[in-house]
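Summarising the annotation, Swiss-Prot assigns ATP binding site to Gly10, Val11, Gly12, Lys13, Ser14, Thr15, Lys39, Asn181, Arg182 and lists sequence analysis as the type of evidence. Among the features that Swiss-Prot reports, Mg(2+) binding site is placed at Ser14, with the record citing sequence analysis. The [4Fe-4S] cluster binding site annotation in Swiss-Prot covers Cys95, Cys129.
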Amino acid sequence: MIIAVYGKGGVGKSTTTSNLAVAIAKEGKRVLQIGCDPKSDSTFTIAGKMIPTVVEILDKFNYHYESIEPGDLIFTGYGGVDVVETGGPPAGSGCGGYVVGETVKLLEKMDVMARYDVILFDVLGDVVCGGFATPLQYADLACVVSSNDFDALFAANRICESVVEKNMSGYDVKMAGVIGNRCDQVDLLETFTRRIETPLMGVVPRKEEIRQSRVKGYTLFELEEMGEPVQDMTAEFRKMARYLLSKPDGVIPNAVGTREMFELFKGEDMPWKGSNGKTGASTPSAQ
């Protein structure tokens, strides 16, 4: 099973994907996580370090693909999860999405994809261009990570539009659901997922332990083993892992038009707004 994980930059995709990968591995599955971001830090908490990227390895071997072995690309981290980082071109040049496609071709040529029960793509994706949409062509399911705010949900909707587009182009990828991350509330998330007719898979709260795990290079499951109070969060990831391993049919999301996105949440209770809907304004009194 191949799963592509998308979401707005900075929303916590990599932290979410890494903990999900470990949760799936703890269910006895062989897991590969492929980081698809030029920052190359998707797998940092699993590997505990920044691993060499595909771009760096290709350069090392002077782009002689036939000289590269799986062990040059694939590293094993916490929980037995294998990891790959695509890397990307220097800032301001080239196409990061192209590198993602080339990485998949290289792994297929090495015949390593079939070794795994679950492959997770962690993909850069605020507004999905053709290159970074490439994992959707291979994926069985897509997940979108979003916080409970408009900008993150706007990006999530654009990703849903990409899933719709891929289905129209003949690819059989479905949405597994939306994952709420860094959430103190879920009102906007619930409104959005109802509108796009897609499950809200799980909700991870905003907790200092998550931020610390990212900085220190640990997954939440490692922190749990160290005695940190993160059981509620690891339980949520285990729940989502079991949901994905149940092989849900998934859905083609009922993506919202761009203009409708700006109207969708107007009915939400926003007490900081005046009665005429403008921030800080008050209803004029009758003279």
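Any Cβ shown, glycine's included, is placed from N, Cα and C.
Look at the binding-site residues Lys39, Arg182 and count other Cβ atoms within 10 Å of each Cβ; Lys39 has the fewest. Gly12 (ATP binding site) and Cys95 ([4Fe-4S] cluster binding site) have their C-alpha atoms 23 Å apart, to the nearest angstrom. Here the Cα atom of Gly10 (ATP binding site) is found 20 Å from that of Cys95 ([4Fe-4S] cluster binding site).
Looking only at the binding-site residues Gly10, Gly12, the densest Cβ neighbourhood within 10 Å occurs at Gly12. On its own chain, Ser14 (ATP binding site) has Gly35, Asp37, Asp41, Ser42, Thr43, Phe44, Thr45, Asp122, Arg214 as residues at least 6 apart in sequence with a Cβ closer than 8 Å to its own Cβ. Distance noted between the C-alpha atoms of Lys39 (ATP binding site) and Cys95 ([4Fe-4S] cluster binding site) is 13 Å.
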